[in-house]
Amino acid sequence: MATSSTTPQNLSFVLEGIHQVKFEDRPIPELRDPHDVIVNVKYTGICGSDVHYWEHGAIGHFVVKDPMVLGHESSGVVAKVGSAVTSLKVGDRVAMEPGVPCRRCEPCKAGKYNLCEKMAFAATPPYDGTLAKYYPLPEDFCYKLPENISLQEGALMEPLGVAVHITRQASIKPGESVVVFGAGPVGLLCCAVARAFGASKIIAVDIQKTRLDFAKKYAATAIFEPAKVSAVANADQMREENDLGPGADVVIDASGAEPSVHTGIHVLRPGGTYVQGGMGRNEINFPIMAACTKELTIKGSFRYGSGDYKLAVDLVASGKVNVKDLITGVVEFQEAEQAFKEVKAGKGIKTLIAGVRD
């Protein structure tokens, strides 16, 4: 991996090709709008999408054609403010929402800006990410962190925002039963948000015993490790073990795995709600007969929208959701490539990359 030989001003972690990354000094970003701020990035979490771009150079139709700075799960300190900024000042600690919509299209005006076709999302081609010393954002996409939330925790507002959006899509009511497939960071956070929303039974499902053990200590009320049997058989076993009666009220799939989708549809009660939050293959087989005859409500979930980031911050500030326990490693900026390799190998739950030192 190449490194810059000059004193860096805005050192950035750049993906040039599959498994080809380098540290590159780039210009310090300028304020593009009076309402913008420049953030000195302090911590960035490694997301599965970052690793996927590093591993494959593309996610679906998003293809890395030019060198791209990685990273989008970040927190930092405001370093500069535009002339029209009123809600932030230099020195404020913030969580950084990394996708900026056009604000003018129909989805934006309807409050669903996560569906904006002109979304400029960090580390999604052709837009650079946040693994740099400085990053520009509109002030309203920076969320001031209360004193009881650290900058490390602030970096986890991004995956928590994803989990908040997924869980809000499910419209969970107090006392309901929820099954969450996939005990990675987002699935674990979905369990935590479901608990904060009042779910009485939260069953985490995964094929990795270590993840299930963590889920049980973290936010799940029960865990389930699928056997190598049919989806119907696993669903029946889950219902019986957890006294779900006719089935779960809500299923959240945070895995994207086809067997999870099938089991999730079968474990739901008639009239239940299914939310697909995890992305897997572009196309899978789907149990359409079971979905129709049980008249399920089926929803997708993509990133986060209006109010999700703010709620994420509020949930942590109030103590209703704990994100600190998910942080299993913090590395220096210069160790970013090795950290990507370890995340790819499945080490830890959430690894953070510290910002460039002054």
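From the backbone N, Cα and C atoms, a Cβ is placed for every residue, glycine too.
The annotation Zn(2+) binding site is assigned in Swiss-Prot to CYS47, HIS72, GLU73. Here GLU73 (Zn(2+) binding site) comes close to THR44, GLY45, ILE46, CYS47, PRO98, THR130, ALA155, LEU156, GLU158, PRO159: these same-chain residues lie at least six apart in sequence, with C-beta atoms under 8 angstroms from its C-beta.
According to Swiss-Prot, the feature NAD(+) binding site maps to GLY182, ALA183, GLY184, PRO185, VAL186, GLY187. Around VAL186 (NAD(+) binding site), taking its Cβ as the centre, 23 other Cβ atoms fall within 10 Å, counting all chains.
Around GLY182 (NAD(+) binding site), taking its Cβ as the centre, 25 other Cβ atoms fall within 10 Å, counting all chains. Report note: the NAD(+) site is defined by GLY182, ALA183, GLY184, PRO185, VAL186, GLY187, and the residues of the same chain whose CB lies within 8 Å of the CB centroid of those residues, excluding them, are VAL180, LEU188, LEU189, CYS190, ASP206, ARG211, ALA254, SER255, GLY278.
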